[in-house]
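According to TrEMBL, the protein carries these features:
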- A:HIS61, A:HIS63, A:HIS139, A:ASP209: Zn(2+) 1 binding site (BINDING)
- A:ASP65, A:HIS66, A:ASP209, A:HIS267: Zn(2+) 2 binding site (BINDING)
- A:ASP65: active site, proton acceptor (ACT_SITE)
Number of protein chains: 2
Amino acid sequence: MLAVTILGNNSALPAFDRHPTAQVVTLDEFLFLVDCGEGTQMQMAKYKIRRSKIQHIFISHLHGDHYFGLIGLITSMGLLGREQDLHLFAPAALHDIIQLQLKVADTHLPYPLHFHALEEKSLLVENDRFRVTCFPTSHRIPCWGFRFEQVKAPRRLLPEKAREHGIPAIFYDRLKWGENYQSKDGTLIQNDWVTEAAPRGKSYAYSADTCYDERLVPHINGVDLLYHEATYLKDLADRAANRFHCTTHQAATIALMGNVGRLLIGHFSSKYEKLDLFEQEAKEVFGNSQLAIEGVSYRV
Amino acid sequence: MLAVTILGNNSALPAFDRHPTAQVVTLDEFLFLVDCGEGTQMQMAKYKIRRSKIQHIFISHLHGDHYFGLIGLITSMGLLGREQDLHLFAPAALHDIIQLQLKVADTHLPYPLHFHALEEKSLLVENDRFRVTCFPTSHRIPCWGFRFEQVKAPRRLLPEKAREHGIPAIFYDRLKWGENYQSKDGTLIQNDWVTEAAPRGKSYAYSADTCYDERLVPHINGVDLLYHEATYLKDLADRAANRFHCTTHQAATIALMGNVGRLLIGHFSSKYEKLDLFEQEAKEVFGNSQLAIEGVSYRV
């Protein structure tokens, strides 16, 4: 299962009860927090996101609307007695800010906070369940997007077929990982006679703040769901470019070029109270487009 | 006119839709922000507080529930094109935190932000309309309370009486400030024949986070309205002391000893969902006690 829940869909200035950027990605039993604007911990309470289940936080860049809520969240996790590890992936300078804020408060977190600088490598986490990578976007300051992929699950064993071919149970695990079996009499049992392919792993890309930049396309290529910012409607392409942001049409063009399954747009400018034109314009270019609405979970 | 509007009345962990500490003090046409927990700018929008009218911000101490919303607020003020001066009174270390956060975002505020360290002096602002002073409280880290006083207004001129006594209009201003008038024939016109006393200036004290400490009494003595923290009910006096906080009875005792007009209690622990016992217990010691409720303005 892969889904993304929107906690904040607005750009820098909170407005019309829309909040700065934050999202929770749910991948099976794992929760990832992506960006953490001011008020994220309150939004998590409102939408019943369990803070304790989050082990990985990803911060795209150091504009405040993407991280001012982080120090409050990690402090609250401490006040709630958290003991499990927390991994924070963010631009290196955030480490200094957090350490300074903990120091002046004389606060010692009761859990290990592991800081990983995004500048160091693009493969952030990889295990047998998921893989998270980052990629640079084009913004006024260094900024990264993130790609979340379910790792291709092992093949599904067909136990009756395996028994038919006389394969011992001890070999079943290796069958799941695609091996063929050579029986004692020399017969080769092809793996796909006794297993079937697992469903394909799902993928989600969060492209953070960016101006229109086709160099993003290979990084988001083929994902099932893409979140791309669309700060402005299409008539404000100049303003978007000046501020290193995108319009609806630009976001949808990237989705189209990247051959993604579905597009979510967000990071709406606080100059817009109503959002319906955003969806309409994005759909003009890429039909499977939707607005990122706070409190809504989009399942891949 | 002197009033205080509560934007957040909870202690460190946001809970039950209560927010961390922030208050707006209104003194005639001036607005002062006192502490600025996470989400304060959203609370200001909710309760229609005009950010642009704030020229002075006072931060009591550097526990996050009293300042994590500040950087978002001052950044938003910049995004809204503020040009007028902003004076920030806070513990010295906050200056470094703010400068670091502005630097990593490559943000240049379009207005002058004047930082004043609370460590330097206790008279923070004084002019012909108001005076703000600070005083130390007893908390786990250095912490200050604030006292706001309307400056005694000039006496009110009684123009008919002044004319009766033949006082020239050019002398009226000096009459307002209490001078007598010596007429050309040597007659002394007593000031109080031609003026009457202005109403007494009102006063408000915010005692910030503190354990029970009678050394606060002279600092809050005689104010019309005192805000004193009451994190716990009276049965948790030990826990309160351990955490450098107060109970209802302790807050009310300080109010009683300080001979204040009215007591507001707040900074409620997130362990309590209902608050009615707080008011009841405070009233057992000091009758004129009230809960600080978010969104409510308490007029002095």
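The backbone N, Cα and C atoms fix where each Cβ goes, glycine too.
Note: TrEMBL annotation is automatic and uncurated.
Features recorded in TrEMBL, as mapped to the structure shown.
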residue: A:HIS61; record: Zn(2+) 1 binding site; contacts (Cβ under 8 Å, 6+ apart): A:TYR67, A:PRO91, A:HIS139, A:ILE141, A:PRO142, A:CYS143, A:TRP144, A:ALA208, A:ASP209
residue: A:HIS63; record: Zn(2+) 1 binding site; contacts (Cβ under 8 Å, 6+ apart): A:ALA12, A:ARG140, A:ILE141, A:ASP209
residue: A:ASP65; record: Zn(2+) 2 binding site; contacts (Cβ under 8 Å, 6+ apart): A:ASN10, A:SER11, A:ALA12, A:PRO20, A:THR21, A:GLY37, A:GLU38
residue: A:HIS66; record: Zn(2+) 2 binding site; contacts (Cβ under 8 Å, 6+ apart): A:PRO20, A:THR21, A:ASP35, A:CYS36, A:GLY37, A:ILE59, A:SER60, A:ALA208, A:ASP209
residue: A:HIS267; record: Zn(2+) 2 binding site; contacts (Cβ under 8 Å, 6+ apart): A:ASN9, A:ASN10, A:SER11, A:THR21, A:ASP209, A:GLU229, A:ALA230, A:THR231, A:HIS245
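Filtering of the binding-site residues A:HIS63, A:HIS66, A:HIS139, A:ASP209, A:HIS267 by Cβ separation from chain B (threshold: under 8 Å) yields A:HIS63, ordered along the sequence. Listed in sequence order, the residues A:SER11, A:ALA12, A:PRO20, A:THR21, A:ASP35, A:GLY37, A:SER60, A:HIS61, A:HIS63, A:ALA208, A:GLU229 complete the 8 Å Cβ shell around the Zn(2+) 2 site centroid, once A:ASP65, A:HIS66, A:ASP209, A:HIS267 themselves are left out.
Neighbours of A:HIS139 (Zn(2+) 1 binding site), defined as other CB atoms within 10 A of its CB across all chains, total 20. Here the Cβ of A:ASP209 (Zn(2+) 1 binding site) has 28 other Cβ atoms within 10 Å, regardless of which shown protein chain they belong to. Compute the center of the Cβ atoms of A:HIS61, A:HIS63, A:HIS139, A:ASP209, which mark the site for Zn(2+) 1; besides them, the chain residues with Cβ within 8 Å of that center are A:SER60, A:LEU62, A:HIS66, A:THR137, A:ARG140, A:ILE141, A:CYS143, A:ALA208, A:THR210, A:PHE244.
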